[in-house]
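A.B. asks: Here you go, one structure.
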Amino acid sequence: MLERKANLPPARDNPLVQTMLLWMYAVLLMLTTKWVYQWNLDVGLVFFFVLLLPFFVMLKWPNQPVVLYIGLMVLLIGKWIYALTTDPLFGPDARGYFRQVTFYPQLDDFIRYATEHITTNWLHSSAYPVFGLMYMPFYKFLDLADPLVIITFNSFLLVLCCNMTYRLNDKFFTYELSESGKRTYNAVLIIGLLASPALMYMSSVFGKDITCAFLGLLCTQLLLNRRYLLFIIVLFYTSMLRDYSIVYILSFYLLFRRNFKIALCMLIGALGVVFLKVGPTGLLNSFMLTVFLFISPNPFKALNWDMEFVMRTAEAVYMMISFGLSMIVFLRNKETRSFFAMCLILLFTFGCTLVLVGFVTVTERNLEYGVGTIGDNMVRKKVPVVPILYMMNAYTLAWLFRPKAAHSKKGEACHPRKRQISSLQRISEPAYGAVLDRSEASAQEHVARDRSAAGALGARNALLPSQAVDSEVRR
């Protein structure tokens with residue numbers, strides 16, 4: 001019994017214990033935030049982000065504390081800037097979501113309304129009651145009716161999105177990458193997601209986009225871990241919240257499974273549907289929209305460099321440069337082509353999906369559809385696939401800044417470890433040669449002594465009388 005207890009893993013290495021500690025701290029975080037919010041809303045926001053730091057540390061991250069510190073500090077600074085400069089009720093959808101908070105005084109009233117609406121219109125249900133099932137319990141638990149409270153809800157989900165993206169890559173990423181490249185990849189990916197202005201902005205407004213990204217990653221994790229029942233339940237809810245969510249869920253799944261054939265078939269099917277429904281204009285818009293996933297907001301418009309959009313526009317410029325570097329890495333290194341080709345195919349498929357959604361939106365409003373017509377806010381629509389964009393960015397930088405291989409005199413590449421071994425061999429050669437020289441000299445000395453002894457014996461025998469020799473022979 002004592003031996004069994006001694007062999008038990010420590011609590012920090014036990015996933016069940018870690019999960020229980022996370023849930024316990026999350027409950028404590030909610031209770032403490034509720035108490036401070038009742039006193040002062042602004043102080044409550046600051047207090048929430050302070051208490052979020054231990055929760056962030058308790059999650060599973062790589063052993064790179066500097067990376068985590070930089071990413072978290074940039075996130076907190078960005079959230080503070082957006083909280084001061086951004087109106088959470090930025091559009092009609094945001095105002096509609098918040099109106100439910102004030103219209104239903106009790107959570108039971110909203111649950112009855114949402115249940116009735118979903119059961120009667122589950123094929124064409126509105127996003128208002130469906131999304132309300134996520135944030136209304138949070139609001140009613142805090143007993144507040146202020147739109148700023150959504151910042152805490154979305155920020156909590158944003159941290160989980162970043163962590164889930166890292167954990168999926170840590171467990172299921174199998175594309176070619178060295179050990180040092182893996183550390184660079186993790187560092188760029190984590191800092192990129194935590195510091196993304198698009199994600200920081202969308203988590204500072206009253207919208208469902210961060211929730212959709214979180215649920216998409218959760219469905220991917222459940223599917224990869226073969227939790228099929230939970231996957232179906234979460235997928236059902238996610239599809240009601242955003243009807244084309246299955247596209248980016250399958251995109252993540254195929255990317256980690258490296259199933260190129262199915263991804264290509266999915267793209268061909270999407271292109272066929274776009275051609276049949278929209279025509280050649282839709283195909284051109286699909287290509288343009290795939291490019292806009294990297295460079296939205298458009299940095300070539302002067303209006304997008306105003307203070308309200310400057311951070312997101314700067315991110316678009318960074319992504320545009322990163323995309324150009326990705327093409328260079330793609331052309332120079334054959335090992336990277338499978339990853340980049342898979343990402344581009346999946347993003348092109350997602351672009352086709354957004355073209356179909358935009359076409360339906362434009363035609364329902366009786367507007368003209370033409371080349372360049374998108375029909376919706378691209379910064380909002382691309383949020384679920386932002387992890388793929390930053391995975392491409394991280395993979396590119398990991399290959400660009402990998403340790404350079406040494407080259408021999410013949411021009412053949414050598415591994416750095418092999419170079420160290422060869423240098424050690426060169427250092428040991430003189431000492432080893434000296435040992436061989438001493439051994440050879442001693443051996444020659446022994447041979448010389450034997451020859452001299454044999455010569456002396458022969459000379460002594462020559463001086464003996466012939467009779468003695470003859471008598472010895474006769475004997």
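Every residue number used here counts from 1 along the chain in the order it is shown.
Heads up, the Cβ atoms here are built off N, Cα and C, so glycines get one too.
What TrEMBL says about a protein is an automatic prediction, not a curated fact.
Under the heading transmembrane segment, TrEMBL lists 20-37, 43-59, 66-83, 144-166, 187-207, 227-256, 263-296, 316-332, 339-363, 383-401.
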A.B. asks: Which of 43-59, 66-83, 383-401 shares the most C-beta pairs under 8 angstroms with the transmembrane segment (316-332)?
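C.D. replies: Per the Cβ under 8 Å count, 383-401.
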A.B. asks: Which of 43-59, 144-166, 187-207, 227-256, 263-296 shares the most C-beta pairs under 8 angstroms with the transmembrane segment (383-401)?
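C.D. replies: The stretch with the most contacts is 187-207.
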A.B. asks: Of the listed stretches 20-37, 43-59, 66-83, 227-256, which one has the most C-beta pairs under 8 A with the transmembrane segment (187-207)?
C.D. replies: 66-83
A.B. asks: Taking the transmembrane segment (227-256) as the first stretch and the transmembrane segment (20-37) as the second, find out whether 3 or more Cβ pairs fall under 8 Å, excluding pairs closer than 6 in sequence.
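C.D. replies: Answer no: the transmembrane segment (227-256) and the transmembrane segment (20-37) share fewer than 3 Cβ pairs below 8 Å.
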A.B. asks: Can you say which of 20-37, 66-83, 263-296 has the most Cβ pairs under 8 Å with the transmembrane segment (339-363)?
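C.D. replies: Result: 263-296.
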A.B. asks: Residues sitting near the transmembrane segment (263-296): Cβ under 8 Å, six or more positions beyond its termini, same chain?
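C.D. replies: Counting only partners 6 or more residues beyond its ends, the transmembrane segment (263-296) has Cβ contacts under 8 Å with 250-251, 254-255, 316-317, 319-320, 322-323, 342, 344-356, 358-359, 369-374, 378-379, 382, 385, 389.
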A.B. asks: By Cβ distance under 8 Å, which residues at least 6 away from the ends of the transmembrane segment (66-83) in the same chain are close to it?
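C.D. replies: Residues 45, 49, 53, 56-57, 148, 151, 155, 158-159, 162, 186-187, 190-191, 193-195, 197, 200-201, 203-204, 311 contact the transmembrane segment (66-83) from elsewhere in the chain.
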